[in-house]
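Per Swiss-Prot, the features are:
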- 5-70: domain 'J' (DOMAIN)
- 132-210: zinc finger (ZN_FING)
- Cys145, Cys148, Cys198, Cys201: Zn(2+) 1 binding site (BINDING)
- 145-152: repeat 'CXXCXGXG motif' (REPEAT)
- Cys162, Cys165, Cys184, Cys187: Zn(2+) 2 binding site (BINDING)
- 162-169: repeat 'CXXCXGXG motif' (REPEAT)
- 184-191: repeat 'CXXCXGXG motif' (REPEAT)
- 198-205: repeat 'CXXCXGXG motif' (REPEAT)
Amino acid sequence: MSKRDYYEVLGVGRDTSEREIKKAYKRLAMKFHPDRNPGDKAAEASFKEIKEAYEILTDSDKKAAYDQFGHAGVDPNRGGHGGGQGDFGDIFGDVFGDIFGGGRRGGGQRQAARGSDLRYNLELSLEEAVRGLTKELRIPTLAACDLCDGSGAKKGTSATTCGTCHGQGQVQMRQGFFAVQQACPTCHGRGKIIKDPCGKCHGEGRVEKSKTLSVKIPAGVDTGDRIRLTGEGEAGEFGAPPGDLYVQVSVREHAIFTRDANNLYCEVPISFSKAALGGEIEVPTLDGKVSLKIPTETQTGRMFRLRGKGVKSVRSHAVGDLLCKVVMETPVNLNEKQKELLREFEATLTGESKKHSPKAEGFFDGVKKFFQDLNS
């Protein structure tokens, strides 16, 4: 009788993530578990089929072999464990191990995998990024099962040596002239079999869980900075070390300031009269308002530097500056008296535009010369 497609057994697609495959397995395993279906041979057969499919599709090597060769690529009956095939494994293990510098691993047991690293995207306001703070983060992860202490075996039981690979975690497959080693499909490369799996983690040794961490964000962080929290990633397989958590920082746009490295920039509107006559204006900083002296005859677009009013570097602790660009605003909603005063002022400039507006005079001289050259 031909076997069903493993992806069909679990009801997943070929591009489904490992986490989703695990979710599908747990859902089906709970449904067809023999403890929930006592005496039901069909349910027992389905449970075995589901477990077999899960073991293949969550092992990267076996999954790759299955995707390429189908059931033939993961069927241990197509290989062997005795006779001269062990010699082939020794020969090729020695030769290729010496060539590639890895040393011969032979039939050594596969080590339980380290936990996966996790990434958390953290968005901060500019004020939070500049000043630093402590954030409470809720992290979905895989944690060691507290019922079986991460062993995967039912409480009071333990794993037994795999009869297929005899505890080695690897078997040999014959492919023509070559004998190739691969992870044992029976024990998933561990060298041990869990006959009585834990009812909580279903033999995985890990369960999905959310945990809350207090993370200190240093002052001066910026978009693209990454904070590493060692050991706060997913739990490792069956007691292996956990992964790490990486907090990826991004800073929201600010209504007033823009940031470039450790410097801050802002635009400050000033009136026509203030630009012409000079005076003091108030400008915003992250520490509050400060006074800025505007010289007489200040042109729009002029930049003023306030030293030490920028951001303290998270690495060197040097402090940047605040650069204020003044922008002269044209007055609006004028009454008749104000308009008349401006007309009188404009009249006093007649014939003296070069004296009072040197940039404009230079501009119009350039335009005049342009058309003269164009028509010559």
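For all residues, glycine too, the Cβ spot is worked out from N, Cα and C.
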Per the Cβ under 8 Å criterion, with at least 6 residues separating them from its ends, the repeat 'CXXCXGXG motif' (145-152) contacts 158-159, 194, 197-201, 203-207, 235, 238-239
Between the C-alpha atoms of Cys145 (Zn(2+) 1 binding site) and Cys184 (Zn(2+) 2 binding site), the distance in angstrom, to the nearest integer, is 24
Note on Zn(2+) 2: the CB centroid of Cys162, Cys165, Cys184, Cys187 has further same-chain residues inside 8 Å, namely Gly163, Thr164, His166, Gly167, Gln168, Gly169, Gln170, Val171, Pro185, Thr186, His188, Gly189, Arg190, Gly191, Lys192, Ile193
Cβ contacts within 10 Å for Cys201 (Zn(2+) 1 binding site), all chains included, total 23
Long-range Cβ list for Cys148 (Zn(2+) 1 binding site), cut-off under 8 Å, min separation 6+ in sequence, same chain only, gives Lys154, Lys155, Cys198, Lys200, Cys201, Gly205
Same-chain neighbours of the Zn(2+) 1 site, Cβ within 8 Å of the mean position of the Cβ atoms of Cys145, Cys148, Cys198, Cys201 and not counting those residues, run in sequence order as Asp146, Leu147, Asp149, Gly150, Ser151, Gly152, Ala153, Pro197, Gly199, Lys200, His202, Gly203, Glu204, Gly205, Arg206, Val207
The mean pLDDT across the repeat 'CXXCXGXG motif' (184-191) is 81
Should one count Cβ atoms within 10 Å of each candidate's Cβ, the binding-site residues Cys145, Cys187, Cys198 would be headed by Cys187
